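Pulled from Swiss-Prot:
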- E218: active site, nucleophile (ACT_SITE)
- E223: active site, proton donor/acceptor (ACT_SITE)
- 404-425: compositional bias 'Low complexity' (COMPBIAS)
- 423-459: domain 'CBM1' (DOMAIN)
- N78: N-linked glycosylation site (CARBOHYD)
- N204: N-linked glycosylation site (CARBOHYD)
- N394: N-linked glycosylation site (CARBOHYD)
- Q23: pyrrolidone carboxylic acid (MOD_RES)
- 23-397: region 'Catalytic' (REGION)
- 390-425: region 'Disordered' (REGION)
- 398-423: region 'Linker' (REGION)
- 1-22: signal peptide (SIGNAL)
Amino acid sequence: MAPSVTLPLTTAILAIARLVAAQQPGTSTPEVHPKLTTYKCTKSGGCVAQDTSVVLDWNYRWMHDANYNSCTVNGGVNTTLCPDEATCGKNCFIEGVDYAASGVTTSGSSLTMNQYMPSSSGGYSSVSPRLYLLDSDGEYVMLKLNGQELSFDVDLSALPCGENGSLYLSQMDENGGANQYNTAGANYGSGYCDAQCPVQTWRNGTLNTSHQGFCCNEMDILEGNSRANALTPHSCTATACDSAGCGFNPYGSGYKSYYGPGDTVDTSKTFTIITQFNTDNGSPSGNLVSITRKYQQNGVDIPSAQPGGDTISSCPSASAYGGLATMGKALSSGMVLVFSIWNDNSQYMNWLDSGNAGPCSSTEGNPSNILANNPNTHVVFSNIRWGDIGSTTNSTAPPPPPASSTTFSTTRRSSTTSSSPSCTQTHWGQCGGIGYSGCKTCTSGTTCQYSNDYYSQCL
């Protein structure tokens, strides 16, 4: 079977329909973006559904010439086919993708992303997709969130230590850097940048013959798994960024029983994340002065981890890059919503969920462990909403606690006295491990299963 006919980089996007119609049955891979309904909200008008979809990143695609010779090789481009931008644009075609095989499925307002997919040769392959939110015209949705809020539901229960389910904002161009040699642009996932200044084969849609990094402001709304999470702004100048950022991680801030399976934010179940970008005058025209994180679960507001709220109001590491004011300007001009799932072969994601950052051991996040024990690891994002602060969720105060309990505790719960009967851990909750002193009896229908010396879980 011949490879599919695809979009030439120099062919207008409007020609896509004609190219698809000319393809032979069973031989083509057209670019069909999975629909993902999102919502734009106002206090006066409520939330209105948006006609949006997702598109897979440009670098995940096959590029080839008319004879199906690859235009890319390990470490860059085929210099015979791509000696310069104009020749590359003339010679090379870019494929559409099979989204389901790439670990991406959508249903209504819900997006599921898998780390691994079954391989045709047996076993599993790491697909680790990265996606961008696209409008009905084939350009990126530009979220202008200064003085606004962003809310979404997320299910991280299937993400173990070492996995990172991410939802963040990147200051990419609306058209993905489309130009005369790359008319595919955003419609094919072009133009990625972030605060790590990645060096890619294409830089904002242009062949990167000078091997420059591509820096831009990055606002990490969520980097997390079922054990830890972080909220982190990364401000940039044109050529450099605050790559480390100044984030808030509940565990890293000392609130070690706030976030996790069975904890205050119970990651064994779906929950809602609300992120508010507060300005000095309370409107989108003001200067960004703080970023606030809130949670809901089962429609009920969850108390913040920190007294006074989980808020980032200063960013010393970003002072050389303009601090929060720079991020506010990026949020005002518009940023692209990015979704990803990934793991880390070198550092095992320890910066996110191990040591001072989380409860995971230094080796739990090894991708070989993840694949062996959690080949179906995935994240689900749903009900993505943005708009006026206070417009994207229905807030309900938490019920009053029983007389014998407190509203919030910074230490893991245990039985109240040494003579009390054993407490019962919930499904997915921790039930054993070195240093663990909490509930060791699992709820009915589950048993305490060993994962490693530091962690056993009710399954």
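Positions of Cβ are set from backbone N, Cα and C atoms, glycine also.
Here the features listed in Swiss-Prot are painted onto the structure.
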residue : record                             : Cβ contacts under 8 Å, 6 or more apart
N78     : N-linked glycosylation site        : N69, S70, C71, T72
N204    : N-linked glycosylation site        : M172, D173, G176, G177, S190, G191, C193, F214
E218    : active site, nucleophile           : Y168, L169, S170, Q171, D194, A195, Q196, P233, H234, C236, C241
E223    : active site, proton donor/acceptor : N164, G165, S166, Y168, N229, A230, T232, L352
N394    : N-linked glycosylation site        : G299
